[in-house]
Amino acid sequence: MKMKILLIGGGGREHAIAEGIKESKHNPILYALMAKKNPGIAALCEDFLLEKETEVEKIVEYAKARNIEMAFVGPEAPLAAGVADALWEAGIPVVGPKKACAVIEFDKAWARNFMKKYGIEGCPAYEVFTEEAPAHAFIEKLGDVAVKPSGLTGGKGVKVMGDQLPDLKAAKDYTSELLEKGPVVIEERFIGEEFTLQAFVDGKNLAFFPAVQDHKRAYEGDLGPNTGGMGSYTDAGEILPFMLAGDIEQAKKIMQHTVTALHEETGTGYQGVLYGQFILTASGPKVVEFNARFGDPEAMNVIPLIETDFTEIMSAVVKSTLDSLPVKFSRKATVCKYAVPAGYPDNPEKDSEVLVGDVGEASVYYASVYEKEGKIYTTGSRAVAVVGRAETIDAAEKIAQNALENIQGKLFFRKDIGTASLIQKRIDHMKELRGGLSQKQ
């Protein structure tokens with residue numbers, strides 16, 4: 001009997017997950033539940049339901065009606081809504097943590113307090129505030145700060161000094177604005193290079209992916225407003241060109257400690273994907289945040305590299321047997337680039353047609369688009385991602401860039417992601433911070 005699998009979510013990340021599932025040698029039957037019809041996911045499915053991804057009862061009802069045997073929750077909102085809990089209660093195992101563990105993403109204040117309580121390494125000096133006066137006083141005390149709303153923001157709510165916040169007054173004003181909506185986390189700003197480390201987690205064991213670097217800023221040269229991520233790259237191996245081998249080992253230890261502590265704190269095993277957003281500083285990796293799912297775009301870099309059967313990994317996650325399944329990756333470099341609507345993220349073009357031409361060797365992942373009468377249209381968020389895979393980052397970048405040149409519409413993209421000049425800038429920055437140590441030792 002072929003296994004029936006339900007995928008929840010309709011973005012680029014979920015298109016990559018759907019592809020991973022469909023490439024399984026066990027020929028699973030895929031079903032999907034998504035808010036809008038993603039043409040990439042729809043083409044891979046036996047059947048799909050268009051529904052809000054946080055409608056817990058409707059998701060369970062659909063899963064039961066289709067005799068679903070296992071589910072994969074892609075985005076954070078359904079995890080925060082308790083979709084994983086409800087499906088487990090209905091007897092359907094889920095790749096995606098229950099609400100008690102997913103809180104590590106959707107409540108930033110809880111996450112920092114949890115790290116402090118369990119002595120998890122890489123935690124900044126921070127405080128959580130609900131009132132203006134003490135928050136402003138703490139900004140004065142720390143001087144160089146990052147300001148974060150406590151809840152989910154789609155990667156766009158955090159602002160840091162010297163970047164989006166030019167001075168202390170700007171930091172205080174932004175804090176006051178956020179406090180009208182809820183608690184605010186104010187923490188010391190780390191200086192360094194960010195990287196993402198993701199892992200499948202079965203409650204206690206972790207299977208790590210290669211490190212990825214995302215690019216949050218909208219425009220070339222790391223300028224402009226924050227976005228959900230304009231693109232990302234991996235090297236042919238575990239680490240990135242600006243990292244040392246010891247850096248990723250430290251990050252892995254932090255994530256392992258986090259999984260163990262989550263079980264102790266919640267009494268629930270974390271089963272799903274854990275995403276560690278790190279910043280590599282002169283004194284090693286520090287934790288920017290944890291997310292309870294794959295990154296988007298980072299999923300599109302790493303999922304195509306998996307050589308182990310994807311549905312076997314899913315089964316190992318829900319049965320807590322990852323320790324007996326070697327998860328292997330092909331040693332290729334990848335570059336992912338997003339085409340986004342003109343005006344994104346502040347005033348994006350909506351409902352404009354996208355035409356995908358000959359993308360050559362690249363993979364294409366549809367994100368925030370919808371299909372109507374055989375045509376594809378933008379929704380206002382990131383539209384289409386392309387991924388190049390090759391022996392080197394440089395070769396992968398050229399494959400991705402060539403593909404983007406053949407996608408038509410009112411769109412723009414960052415040409416500099418994955419280029420030798422931008423990567424050299426990252427290497428030079430880390431060398432300077434470390435005091436001239438050579439990279440990749």
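Placement of Cβ uses the backbone N, Cα and C atoms for every residue, glycine included.
Among the features that Swiss-Prot reports, domain 'ATP-grasp' is placed at 112-319, with the record citing sequence analysis.
In the three-state DSSP reading, Glu187 (ATP binding site) counts as strand. According to Swiss-Prot, the ATP binding site annotation covers 139-196, on the basis of sequence analysis.
Summarising the annotation, Swiss-Prot assigns Mn(2+) 1 binding site to Gln277, Glu289. In the three-state DSSP assignment, the secondary structure recorded for Gln277 (Mn(2+) 1 binding site) is strand. In sequence order, Glu194, Thr196, Val287, Val288, Glu289, Phe290, Asn291 are the residues of the chain that are 6 or more apart from Gln277 (Mn(2+) 1 binding site) and have a CB within less than 8 Å of its CB.
Positions annotated as Mg(2+) 1 binding site by Swiss-Prot, on the basis of sequence analysis: Gln277, Glu289.
Marked as Mn(2+) 2 binding site by Swiss-Prot: Glu289, Asn291. In the three-state DSSP classification, Asn291 (Mn(2+) 2 binding site) falls within a strand.
Counting every protein chain shown, 17 other Cβ atoms lie within 10 Å of the Cβ of Glu289 (Mn(2+) 1 binding site). Residues or ranges marked as Mg(2+) 2 binding site by Swiss-Prot: Glu289, Asn291.
The Cβ of Glu187 (ATP binding site) has 22 neighbouring Cβ atoms from other residues within 10 Å, across all protein chains displayed.
Listed in sequence order, the residues of the same chain lying 6 or more apart from Asp163 (ATP binding site) and placing their CB within less than 8 Å of its CB: none are present. Here the binding-site residues are Ile139, Ala171, Leu179, and the one whose Cβ sees the fewest other Cβ atoms within 10 Å is Leu179.
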